[in-house]
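> Below is the structure I would like to discuss, written out as structure tokens.
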Amino acid sequence: VGFKAGVKDYKLTYYTPDYETKDTDILAAFRVTPQPGVPPEEAGAAVAAESSTGTWTTVWTDGLTSLDRYKGRCYHIESVAGEENQYIAYVAYPLDLFEEGSVTNMFTSIVGNVFGFKALRALRLEDLRIPPAYTKTFQGPPHGIQVERDKLNKYGRPLLGCTIKPKLGLSAKNYGRAVYECLRGGLDFTKDDENVNSQPFMRWRDRFLFCAEAIYKAQAETGEIKGHYLNATAGTCEEMIKRAVFARELGVPIVMHDYLTGGFTANTSLAHYCRDNGLLLHIHRAMHAVIDRQKNHGMHFRVLAKALRLSGGDHIHAGTVVGKLEGEREITLGFVVLLRDDFVEKDRSRGIYFTQDWVSIPGVLPVASGGIHVWHMPALTEIFGDDSVLQFGGGTLGHPWGNAPGAVANRVALEACVRARNEGRDLAREGNEIIREASKWSLELAAACEVWKEIKFDFEAMDTL
């Protein structure tokens with residue numbers, strides 16, 4: 001007897017409300033907006049089918065395998081409160097659908113062709129549950145939070161950084177000079193901007209050399225370990241690794257990668273190199289808003305953050321809550337705990353759809369960067385806590401007296417906030433007063449307070465629950 005050819009509804013095969021999820025399943029929560037006339041069960045089943053074993057018609061080769069073993073299943077659908085014709089579809093994928101240790105392969109299935117599917121008006125991946133059985137196939141961050149603190153010998157406070165500006169156009173020597181001034185003033189790190197790679201005005205090798213000189217000079221003067229995120233992102237993986245090798249030969253502590261524009265395969269390769277060679281890895285998320293900013297289509301940043309923790313990175317930019325870039329407080333804190341903690345409970349108030357157990361994968365330091373200055377320091381210290389990197393680009397280099405005084409102002413403000421917190425003061429309520437008190441003892445901080453006293457970026461956050 002021949003097989004039964006023809007087209008049948010996805011929901012007959014892929015919508016299984018009685019399915020009990022397994023501990024080894026990868027679980028996904030999709031925000032589905034079906035086309036008019038398409039029932040939610042059919043839309044959810046279509047997502048499960050098209051992101052796993054299904055295609056638009058029955059094919060005779062289905063008989064050569066066990067679809068029951070390999071198919072994705074839509075096991076639950078709930079409507080989204082306050083939205084018409086929008087649903088959260090929960091899909092379970094058997095572990096065997098995915099190559100071990102490959103974020104690239106996981107995403108090619110789960111967020112591949114299905115996002116262009118005609119029966120859906122829009123589709124957004126809100127969250128993923130990565131089971132320990134799959135997590136253990138990844139190396140994860142090259143070093144993690146504790147190893148980084150031990151390497152740098154810095155404890156009990158957030159780390160301070162600064163992106164060198166103007167981001168494009170400086171010569172390598174002037175760039176190195178700016179790095180030196182910031183590190184000498186009291187910052188822990190300076191940073192290449194994400195789009196600084198190897199342009200005609202400043203080739204990568206020259207920049208690496210002058211930055212290394214700046215690091216060593218600042219370390220000698222301050223007695224503290226310093227670093228500069230040398231951006232190894234390049235047009236090919238081979239060139240990227242070549243740059244990381246040169247950084248290692250210079251003896252610097254950290255390199256950097258733009259993981260979304262560079263791609264997950266390149267990122268994982270670099271993370272492996274960094275662990276093998278004792279380099280920390282700073283991750284910039286350039287391009288994330290293309291993927292995550294629309295509420296009804298794309299992929300939420302918490303998924304990109306989880307993917308980065310698997311692929312590997314020791315720092316990642318995670319919004320500021322208070323600065324110039326997008327980030328609502330509870331949602332930002334949601335992916336901050338997903339980056340740092342070993343075990344994260346489901347918490348829908350923070351947008352966390354699944355309990356996530358990271359087993360032995362190290363944590364990632366969230367980086368707050370973008371439009372922040374000394375008046376934000378109390379809020380940042382309270383929101384992000386000690387295990388974070390606070391990055392002030394304009395908030396350092398924009399100081400009226402120059403880079404080193406700008407760095408001094410930030411370091412004094414941070415030390416004042418940490419001390420006040422440790423003494424039991426309420427940073428949220430007394431923040432401005434704490435900064436004012438500290439500025440009496442630091443002319444640099446007083447000047448910074450004066451310049452930025454009125455600056456605010458007040459817009460509604462797009463990324464709401």
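Placed from the backbone N, Cα and C atoms, the Cβ positions cover glycine too.
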> Per Swiss-Prot, which of Ser66, Ser79, Ser360, Ser369 sits in the substrate site along with Asn113, Thr163, Lys167, Arg285, His317?
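Only hit among Ser66, Ser79, Ser360, Ser369 in Swiss-Prot's substrate site, alongside Asn113, Thr163, Lys167, Arg285, His317: Ser369.
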> Considering only the recorded positions Asn113, Lys167, His284, Arg285, Ser369, which fall within 10 Å of Glu194 (Mg(2+) binding site) when distances are taken between Cα atoms?
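Candidates kept after distance check: Lys167, His284, Arg285.
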> Return the count of C-beta atoms lying within 10 angstroms of the C-beta of Glu194 (Mg(2+) binding site), excluding that atom itself.
22
> Considering Cα atoms only, can you say which of Lys4, Lys191, Asp193 is the nearest neighbour of Arg285 (substrate binding site) among these recorded positions?
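Of the recorded positions Lys4, Lys191, Asp193, Asp193 has its Cα closest to that of Arg285 (substrate binding site).
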> Distance between His284 (active site, proton acceptor) and Lys4 (N6,N6,N6-trimethyllysine) at the Cα atoms, whole Å?
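With the alpha carbons as reference points, the distance is 51 Å.
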> Cβ neighbours within 10 Å, counted over all protein chains: which one of the recorded positions Lys167, His284 has the most?
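By the 10 Å Cβ neighbour count, His284 comes out on top.
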